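Colleague: Here it is, the structure, as structure tokens.
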Amino acid sequence: MASLSVKPGQRFTLPDWQNNCHLISADAEHQRSTSHQIRQEARALRNDTGNQAKWDECDSRTRLKDRITSVDRWREALAKCLTDIDLEIDALTKVKEAAEDALQAKNLCLDVAIECLTFRESRRDIDVVRDPVEEELHREVKVIERTKKELQQRVDEAFKQLCILKEARQQLNCDHRHKVEALDLDRQCLSFNVTSGNISFKVNPTRIPDGTTSLREWEQNSQFNKAHAEAEMKASVELRGAIMLTIAQTNNELDAQRTATEFALRKRIRDMEGALSELRWQEKNTLEEIAEMEEDIRQLEEDLRKRTLDLKVAHTRLETRTYRPHVELCRDQAQYGLTGEVQQLEAAIRALQQKRTESQDALDALYRQLHRIQTDIGYKTNSLQLDNKCMDTRRKLVISVEKFDPEIDAVNRTRNLPRNSQLEL
């Protein structure tokens, strides 16, 4: 008889077949539900990211406009200050030329007085007497020589003030030029949009370039340049008034500009000494903080080394337990414990590495700050030495002007000059 052919292979039961169908159906339902949830989340994410991008771009545009307004306001202020300082340089130059003309005019007076004295030396016999005319001529020579000395001093002061004004103008011009360039760049940035043809990805665009300053430092720099120029212009106005008064008055005039400058130098020296004291205190504290940070980094590295050794031990234990035979290769409590230990150690190592990186970055920042402090100390020490040299040099020229001019304010040490400094010669 022919036998029934039986197909080889595993046979499943009907419940298995039904369970498989239910499982497939359940998996399909689950996948569709998951897909629906992901789609909803994706739509929400698209809406959120789109709205956030629009708000961020609007905020950036507003910030750029505000920045352009601020820079443009400073540019206008610096431009006006440049115009004023140019006018002041021209005015001081004319006053200096007037003082030089007056000084040149005194040579003729001196030549005439000396010539008269020479003529009188030709007298003979009893006529060679010391009469009032000779005394007046000698007194005239002394007055002229004193006047020439005062005028020459005023000319030298005017030349020094011109140099300071030109230096201040150069700083203003440089600051003004930089602001014009910054305005062009910011306006160019404001004109960018998604349809611009020159937009592209850049390498590390969020980096902080070397030499970057804070907003406060930026504003303080412009304020300092403007205030410095205004202060020097104010000093120049006072000096012009003093020069014109010196031309008109030949007897014992006080140099208001020199007094004001010496007062400013004394104040500057006091401020510089206070700043140096503060910087040295900051240097000391920074050095102490660097030492503590270096010690903490060494301890972090030591703990990192210890945790690495612990991780090696845990890895070795896990690897060794994989060679257990047959049924002994089970996930027992020791296996769970070792796995948890590995995870904890890896997390601890990552945290220690992150903290070591942060500590190293902080240490580098401390070293940079220390270098900056030490550099600033060098600058201020040099400036203090120069200011002291200026004081020592100017001390040779100090004259107690109160005994010569009762109109001198002994508190402010400034002359009560007319407000309109454009005095007529």
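Cβ atoms here come from the backbone N, Cα and C positions, even for glycine.
So TrEMBL says this about it:
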{"type": "COILED", "residues": "134-161", "note": "coiled coil"}
{"type": "COILED", "residues": "276-310", "note": "coiled coil"}
{"type": "COILED", "residues": "342-369", "note": "coiled coil"}
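For each listed feature, how buried is it and what is near it?
Modeller: Restricting the average to the coiled coil (276-310) gives a pLDDT of 89.
Distant neighbours of the coiled coil (342-369): 286, 289-290, 293-294, 296-297, 300-301, 303-304, 307-308, 310-311, 314-315, 318; these residues of the same chain sit at least 6 beyond its ends, with a Cβ under 8 Å from one of its Cβ atoms.
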Colleague: Counting only residues 6+ away from its ends, which parts of the chain sit with a Cβ under 8 Å from the coiled coil (276-310)?
Modeller: 341, 345, 348-349, 352-353, 355-356, 359-360, 362-363, 366-367, 369-370, 373-374, 376-377, 380-381, 384
